[in-house]
Amino acid sequence: MHSLALAATLPAVSPVVNPAGATASGGVWSFAWLVVALPLASAAVLLLLGRRADRWGHWLGVLASTGAFVVGLLAMLEVLGQAASSRVWDLRLGTWIDAGALHLDAGLRFDPLSLTFVLLVTFVGTLIHVYSVAYMEHDTDRRRFFAYLNLFVAAMLLLVLADSFVLLFVGWEGVGLASYLLIGFWNHNTPYAVAAKKAFVANRVGDVGLLVAMGLMFAHFGALDFGTVLADPAAHASEGTLTAIGLMLLLAACGKSAQFPLQSWLGDAMAGPTPVSALIHAATMVTAGVYLIVRSGAIFEAAPSAQLVVVVVGAITLLFGAIVGCAKDDIKKALAASTMSQIGYMVLAAGLGPVGYAFAIFHLVTHGFFKAGMFLGAGSVMHGMDDQVDMRRFGGLARYMKVTWITFMMGWLAILGIPPFSGFFSKDKIIEAAFIPTDGAQWRAWVFGTVALVGAGITAFYMSRLFFMTFEGERRWTTRKDGSEQHPHESPALMTWPMIVLAVGSVGLGLFLALGNRFTGWLEPVTGHVEHEEPVLPAGVLIALTLTVVVVGLVLAWRRYATATVPVVPPLGTALTRAARVDLYQDAVNDAVLVEPGQHLTRSLVYADHAVVDGGVKGVTHATVGLGALLRRLQTGYVRTYAATMLGGLVVLLVVVLAVQS
Amino acid sequence: MSFTAPEIAWGALSPVVIVLVAGIVGVLVEAFVPDRARRAAQLVLAFGAPVGAIVAVAALWDGVSSSGGTDVLDGSLLVDGPTLVIQGVIAVLTLLALLVVADRTATGEDAFAPTAASIPGSDYEELARRKGLTQTEVYPLLLLATGGMMILPATGDLLTLFVALEVLSLPLYLLTGMARRRRLLSQEAALKYFLLGAFASALLIFGVALVYGYSGTLRYSEIAAATGTPSALDPLLLVGAVLLLVGLLFKVGAVPFHSWTPDAYQGAPTPITGFMAACTKVAAFGALLRVYYTIFPGLQWDLDVFLWTVAIATMVVGTVVALVQTDIKRLLAYSSIAHAGFILTGVVALDEAGISAVLFYLLVYGVATVGAFGVVWLVRERTVPQASTDVAADELAEAGDEDLRTSVLGEATHLSQWAGLGRTHPALAGAFALFLLSFAGIPLTAGFIGKFAVFSAAVDGGAWPLALVGVLSSAAAAFFYVRIIVLMYFTPAPGRDDAAVEPSDEDAAPVVESRASDENAAPGEDVALAGADGSSAVATLVAAPTATTTTTVVPSEGLAAVAIAVAAVLTVVLGVFPTPVLDLISDVARFLP
């Protein structure tokens with residue numbers, strides 16, 4: 001399955017993106033493909049065995065995910081053992097398509113970037129698998145749920161390990177499919193089905209972007225593997241072309257990562273089971289867009305306008321998500337808005353160029369931990385509260401679910417960016433990077449830096465609001481759905497332990513990775529080494545400013561949601577609040593801009609296909625009464641319409657051909 | 001005047017000859033073999049012929065791939081690489097389609113009217129049905145059509161092209177009108193197909209006349225020589241060329257020559273729909289490739305605008321109109337129109353990669369199409385006794401034969417009837433979902449490779465706007481394919497759950513067309529369903545399911561299941577390991593001049 005010859009020449013030390021890796025063979029590389037194959041095989045077994053695997057199926061799922069993590073860990077240790085310059089390894093799997101002009105190889109690329117994702121996906125994924133064993137205990141289709149989870153893990157790993165855009169696209173579609181299946185897992189009722197549909201449509205729009213980008217690459221580079229395309233894009237295509245490719249890649253990223261203007265599906269996707277929200281819609285899949293942008297960094301660097309659009313999209317989404325997050329009463333939807341906003345930070349960082357890549361990925365990793373932890377916490381709250389999601393019906397839960405409360409608090413402090421929790425080290429760096437002028441353009445530093453700074457303040461407000469409304473203040477819960485008294489209780493150990501592990505990550509991971517620039521150094525073979533540049537304000541001032549706005553946000557939330565009484569019925573609120581509750585009218589905008597014109601196009605085409613020609617023909621038949629009567633008696637339907645369509649079409653086409661010719 | 005008989009190279013002709021001879025022998029079987037043994041004899045012939053053709057193609061392969069091909073019958077037929085590929089593909093698809101055609105339900109019912117000559121609803125029909133008559137003429141008809149399809153892409157002159165087109169069309173018109181159920185719909189479809197087909201043939205022969213008038217010859221190579229000089233361009237030639245292409249575009253169902261497709265696909269017996277949707281398209285695209293690549297290369301610039309327009313219109317109309325269909329067969333028909341547009345983008349690429357891309361696409365499209373219609377054939381309506389409306393369809397297996405005969409009706413083609421199929425019949429729904437994913441071009445299915453190949457050929461050939469429209473419309477098309485998957489897996493079956501079923505789409509107005517809402521009245525079948533008296537067709541939607549019918553999968557002799565399984569396996573294998581087949585095709589993808 002894989003080639004065996006060790007490449008004699010290792011790539012030269014290169015300060016920029018490393019285009020071609022060493023051919024991997026022997027040692028850990030002889031079984032590294034298992035990292036994808038294990039969960040895939042497990043998914044296949046679980047689906048094929050059907051009900052026979054019901055009793056032990058979930059443990060097989062956990063085992064497959066753990067196995068993938070172990071393989072990923074071994075691969076990372078192997079890579080860590082190499083010098084920084086030779087940390088990119090290509091594992092050839094074989095030729096996929098080879099016919100004439102078409103030549104596609106299938107291969108996996110193990111480099112620091114992909115390995116970071118592999119470890120994140122498999123580690124968090126395994127924890128969430130364990131959590132799901134308990135969370136889905138009463139679901140009769142638990143085995144199928146684990147099959148989909150494994151399928152997702154396999155597809156996600158393929159996405160990040162692929163060494164070409166085509167194979168990446170396979171994984172891209174795979175995670176889309178798995179996410180679609182998982183959002184729709186409880187889709188026995190219509191709103192869930194609508195949510196799944198919405199996610200599907202947004203993702204398809206994004207996919208078109210990726211497909212068009214691939215078409216453009218193929219036309220200009222003649223290949224789609226990273227080695228060829230990313231080596232030196234500017235040598236093969238003009239800046240205009242690269243800008244187009246970049247914008248199309250950005251569109252793809254927006255669809256997958258719920259960035260403006262394709263963000264509306266993420267909130268609705270919360271209809272799926274909570275572990276799914278934690279794994280797919282917080283830690284991994286939604287960050288695939290960030291991966292795509294960082295991976296294609298070479299293209300964006302050669303197309304500054306596309307890069308600017310990336311930053312703008314990130315900045316808009318960052319604020320958008322934060323504002324929406326302030327108004328949501330549904331705990332999962334508030335977390336979803338927060339995810340959107342945090343990914344906005346990552347996209348913004350990725351758009352800043354090499355200076356931001358490492359921080360984008362750094363924040364992605366820490367966010368993967370604390371956000372997944374908080375989602376699992378939300379799931380634990382729902383578990384103990386009879387699936388209640390309205391935060392106005394929580395309150396004072398800290399006393400009843402101690403473990404959930406503490407672990408959630410760690411995640412909350414991390415996302416706020418309080419030192420020394422994880423988020424401080426990653427988010428603060430992004431804010432600092434945003435304040436660094438690009439190409440000497442001071443205004444960009446000020447605008448984007450300020451947006452990132454303000455976003456941090458709003459984040460502090462809405463996350464604290466969420467935390468206080470749920471765990472502090474007085475109890476506002478009354479009865480269960482069936483009318484009996486609500487008895488909040490702590491979740492079983494299988495659920496709390498993953499939360500504890502993630503909370504430990506929320507506390508210490510940032511510091512661990514930031515010490516001595518461990519993480520940025522690790523990513524350097526991919527992102528390139530960047531000379532330190534000075535932001536427009538001194539770093540110390542920025543940290544102080546950030547902490548100030550964060551504390552202000554926190555105190556505001558404390559006064560409104562912890563010390564004051566929270567109304568059980570949401571107050572009318574200001575115009576902004578009302579707009580934020582309905583996602584700033586994004587659905588209405590989508591309807592007006594996309595759905596309605598689409599429907600009009602459909603209707604008019606259907607109309608034309610069946611009515612216009614028919615109407616014209618009816619006029620003719622009225623004139624030729626005899627023929628019309630004959631046709632009516634034959635009752636053949638509208639065959640005359642069809643013939644007229646053909647003839648009319650033919651005449652039009654002939655006129656066009658002749659007109660063009662002369 | 002002396003006449004010398006042309007030298008006939010029987011070897012090179014063998015794939016066609018095997019199929020046609022089997023068809024003719026089949027006609028004799030009808031006349032001379034006793035009733036009891038007739039079906040068996042026909043089945044042996046029918047399955048033997050495509051197998052023989054595949055063997056013959058394989059035997060010819062090496063010679064053709066090294067020599068580049070030969071012309072036979074004094075140049076009337078050209079046996080070159082594309083010819084062999086298409087003949088092989090048609091033979092394989094015919095074999096698969098035959099499995100569905102030959103399948104019968106557990107009670108011995110096939111898809112065809114007991115006597116197609118009887119008037120729907122008449123006593124004679126009822127008598128024939130009671131006596132259990134079957135029409136084994138279906139098999140020779142099908143073989144003759146296959147023979148025509150195998151000749152069509154191999155033709156070397158325009159007259160042979162026309163004859164081959166008619167040879168393949170006439171049996172198809174007949175087969176379209178032979179459905180067992182909804183006979184008026186079927187006959188209406190056959191008549192429409194015939195009238196419009198005759199119209200298209202007239203256009204084609206008119207085009208032949210004009211081209212002959214211009215060049216003084218019918219032979220492709222000589223026409224190419226005559227049109228080679230650009231200065232000699234003449235409206236006569238251009239109009240002739242367009243008309244010629246229109247005749248072929250009609251057969252592939254390209255817009256605006258597509259209007260017969262939904263009606264014919266819906267009315268025809270479903271196994272025949274699968275056969276003609278797959279094989280006719282392969283044959284007609286083969287001929288289109290040859291005509292476009294070998295006759296008119298000198299006219300390419302002038303014909304480009306024509307084919308580009310047609311391709312774009314085909315993709316857009318096929319996709320958009322499919323979005324609002326509520327009948328599964330019509331939906332698949334519009335989807336096949338959209339696919340014709342995708343394939344056209346590969347045709348206009350006009351290079352070698354384009355040829356092999358189109359040929360590969362035809363194979364994967366045909367396989368998924370036969371499989372999909374096979375599934376449609378098995379999914380039936382079933383009456384539920386009022387007393388037990390909540391009987392699960394799964395209990396059908398235990399139901400007695402007589403019960404089956406009376407309770408299982410025609411195909412459940414309304415989309416809402418497919419709700420929940422994924423829960424009751426996971427394997428069948430899974431196979432159908434796989435075909436739909438392949439149609440949609442999702443990676444790791446054969447459809448993705450096919451789309452990737454034609455679009456990249458189009459981009460290579462400079463037709464990137466076509467590829468762009470193709471990508472956009474295939475993204476939109478994915479929506480209605482996945483909608484069916486959602487329906488099958490995520491929507492509860494009607495009557496099983498309180499949740500309201502959303503049959504298809506919220507706000508698209510139903511497409512009202514002339515429909516005969518007859519049912520071949522079976523004993524016990526609701527009279528209201530058989531309401532049409534056979535003398536008037538009613539403009540109505542195909543009857544939406546009433547509360548007393550449910551959806552089930554009819555137990556059958558299993559041949560269709562074999563076809564579906566093979567098609568599913570091929571769809572996956574060609575998606576994951578396409579290289580061997582792509583290699584085979586691209587090795588020989590060169591036309592004889």
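The backbone N, Cα and C atoms fix where each Cβ goes, glycine too.
The domain 'NADH:quinone oxidoreductase/Mrp antiporter transmembrane' feature in TrEMBL is assigned to B:156-474.
Taken from TrEMBL, the feature region 'Disordered' applies to B:499-522.
Outside the transmembrane segment (B:12-33) by six or more residues, the chain places 41-42, 45-46, 48-50, 52-53, 56-57, 59-60, 70, 72-73, 77, 79, 84, 87, 91, 136-137, 139-141, 143-144, 146-147, 150-151, 154 with a CB less than 8 A from a CB of the stretch. If you look up TrEMBL, you'll see B:12-33 (among others) marked as transmembrane segment.
Sequence-remote contacts of a segment are chain residues at least 6 beyond its ends whose Cβ falls under 8 Å from one of its Cβ atoms, and for the transmembrane segment (B:40-61) they are 11-12, 14-16, 18-19, 22-23, 25-26, 29-30, 33, 79, 84, 87-88, 91-92, 94-95, 98, 102, 136, 139-140, 142-143, 146, 150, 588. Marked as transmembrane segment by TrEMBL: B:40-61 (among others).
Within the same chain, residues 15-16, 19, 43, 46-47, 50-51, 53-54, 57-58, 60-61, 64-65, 68-69, 110-111, 138-139, 142, 146, 149-150, 153-154, 270-272, 274-275, 278-279, 282-283, 286, 289-290, 355, 359, 362-363, 366-367, 370-371, 373-374, 377, 559-560, 562-563, 566-567, 584-585, 587-591 sit at least 6 positions outside the transmembrane segment (B:81-102) and bring their C-beta atoms closer than 8 Å to a C-beta of that stretch. What TrEMBL records for B:81-102 (among others) is transmembrane segment.
What TrEMBL lists as transmembrane segment is B:138-155 (among others). Outside the transmembrane segment (B:138-155), and at least 6 residues removed from its termini, the chain residues within Cβ reach (under 8 Å) are 15-16, 19-20, 22-27, 29-30, 42-43, 45-46, 49-50, 53, 76-79, 82-83, 86-87, 90-91, 94, 97-98, 101-102, 112, 161, 163-169, 171-172, 174-175, 178, 220, 272, 275-276, 279-280, 282-284, 286-287, 289-290.
Taken from TrEMBL, the feature transmembrane segment applies to B:161-179 (among others).
The feature transmembrane segment is assigned by TrEMBL to B:191-215 (among others).
The annotation transmembrane segment is assigned in TrEMBL to B:235-260 (among others). Within its own chain, the transmembrane segment (B:235-260) is flanked in space by residues 158, 165, 169, 192-193, 196-197, 200-201, 203-211, 213-215, 227, 280-281, 283-285, 287-288, 291-292, 295-296, 299, 302-303, 306-307, 310-311, 313-314, 317-318, 333, 336-337, 340-341, 343-344, which lie at least six positions past its ends and keep a Cβ under 8 Å from the stretch.
Look at TrEMBL and you will find B:331-350 (among others) tagged as transmembrane segment.
For B:356-379 (among others), the entry in TrEMBL reads transmembrane segment.
Positions annotated as transmembrane segment by TrEMBL: B:427-450 (among others).
The transmembrane segment annotation in TrEMBL covers B:462-482 (among others).
With a cut-off of 8 Å between Cβ atoms, the residues of this chain six or more beyond the transmembrane segment (B:558-577) that come close are 96-97, 99-100, 102-103, 271, 363-364, 367-368, 370-371, 374-375, 377-378, 428, 431, 434-435, 438, 443-449. TrEMBL lists B:558-577 (among others) with the feature transmembrane segment.
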Surrounding residues of the transmembrane segment (B:427-450) on its own chain - C-beta under 8 Å, 6+ positions past either end: 335, 339, 357, 360-361, 363-365, 367-369, 371-372, 375, 378-379, 421, 474, 477-478, 481-482, 484-485, 488-489, 553, 564-565, 567-568, 570-576, 578, 582
